[in-house]
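Q: Have a look at this one.
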């Protein structure tokens with residue numbers, strides 16, 4: 001058969017990295033990214049991009065660990081290259097602090113981040129309301145630079161990018177051999193996934209260049225993540241809220257909570273408020289499906305539902321999605337060669 005045509009729907013961090021993995025693993029494919037929004041208008045642009053995994057109850061831990069390890073290894077290599085600054089990827093050290101000692105003192109990812117250890121008594125004095133903490137160094141992707149860097153890599157490998165609103169995956173069957181669904185919260189409507197729900201996140205992006213260390217409350221609600229140019233202060237986890245409008249009361253609450261962890265933030269300047277809807281599920285949907293209508297078949301690979309953990313596992317899930325696309329293409333080539341016999 002001619003060069004297989006693959007459409008990736010969605011241009012957030014999951015869509016772009018999946019398209020890149022497909023282009024790298026299947027150079028004979030023609031890959032196109034279709035989305036109604038590109039950076040800086042995606043949900044990924046709101047994310048802090050910190051590599052601290054969020055646990056998916058419905059996904060085996062060894063699988064989540066593999067996704068995280070592949071992502072960390074990939075980004076660590078970029079952080080050690082001349083492209084680190086353009087890609088917006090850098091190492092950041094800091095603390096995760098708890099008011100009470102957690103049941104699990106060693107999270108599953110503790111041996112993948114760098115230098116993971118319990119905090120000393122002296123370090124804990126910085127956080128008088130907290131009794132236990134963990135210190136480690138991890139990676140941070142600054143958005144939009146990372147998405148723009150991915151787009152540049154895609155263009156260099158010949159991937160096409162088109163602004164297009166896809167209302168139904170079926171509308172692509174006459175143009176593409178395989179469709180990859182990376183639409184995040186959009187999959188709720190696009191494929192009618194009732195298991196997918198939004199968790200609304202409101203964050204502040206502030207200018208506070210003296211803040212060099214990340215600080216994260218163990219409950220995951222309050223966090224301070226320094227980027228190259230701005231510090232992300234968060235946050236909220238509002239289940240089933242679809243509102244993209246910033247709430248002034250929430251802004252004040254986030255700022256106060258972050259200042260209680262890092263009082264110097266009272267001097268932060270130029271506060272911008274951002275809102276995103278995290279596409280949340282019991283587990284990431286990463287699977288093949290064949291849609292059929294009137295004898296016509298359309299192979300689809302789904303890769304969405306990463307919730308607040310998308311950046312931490314994006315490269316690992318993209319590699320798996322690319323492998324599934326390879327299986328779809330092998331099946332198509334097998335059936336076309338059988339048809340010739």
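Just so it is clear, glycine is given a Cβ too, placed from its N, Cα and C backbone atoms.
What you are looking at is a predicted structure, and each value in this text was computed from that prediction instead of being measured.
According to TrEMBL, the protein carries these features:
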BINDING   43, 44, 166, 183  FAD binding site
BINDING   223, 278  D-dopa binding site
DOMAIN    5-324  domain 'FAD dependent oxidoreductase'
SIGNAL    1-19  signal peptide
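Just tell me what is around each of these and how deep it sits.
A: Same-chain residues at least 6 positions away in sequence with a Cβ under 8 Å from that of residue 183 (FAD binding site) are, in sequence order, 9, 10, 15, 166, 190, 304.
Within the same chain, residues at least six positions away from residue 223 (D-dopa binding site) with a Cβ under 8 Å of its Cβ are 48, 50, 214, 215, 216, 217, 232, 233, 234, 235, 258.
On the 0 to 100 pLDDT scale, the domain 'FAD dependent oxidoreductase' (5-324) averages 96 in this prediction.
Remote same-chain partners of the signal peptide (1-19), defined as residues 6 or more beyond its termini with a Cβ less than 8 Å from a stretch Cβ, comprise 26, 28-35, 37-39, 42-44, 47, 141, 143, 146-147, 150-151, 154, 159, 161, 166, 169, 172, 175-184, 186, 190, 303-304, 306, 310-311, 314-315, 317-318, 321-322, 325, 329, 332-333, 336.
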Q: Looking only at C-alpha atoms, tell me how far residue 44 (FAD binding site) is from residue 278 (D-dopa binding site), rounded to the nearest Å.
A: 9
Q: In angstrom units, rounded to an integer, how far apart are the Cα atoms of residue 278 (D-dopa binding site) and residue 43 (FAD binding site)?
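A: One finds 7 Å between the Cα atoms of these residues.
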Q: Pick from 43, 44, 166, 278: which of these binding-site residues has the biggest number of other Cβ atoms within 10 Å of its Cβ?
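A: In terms of Cβ crowding, the pick is 44.
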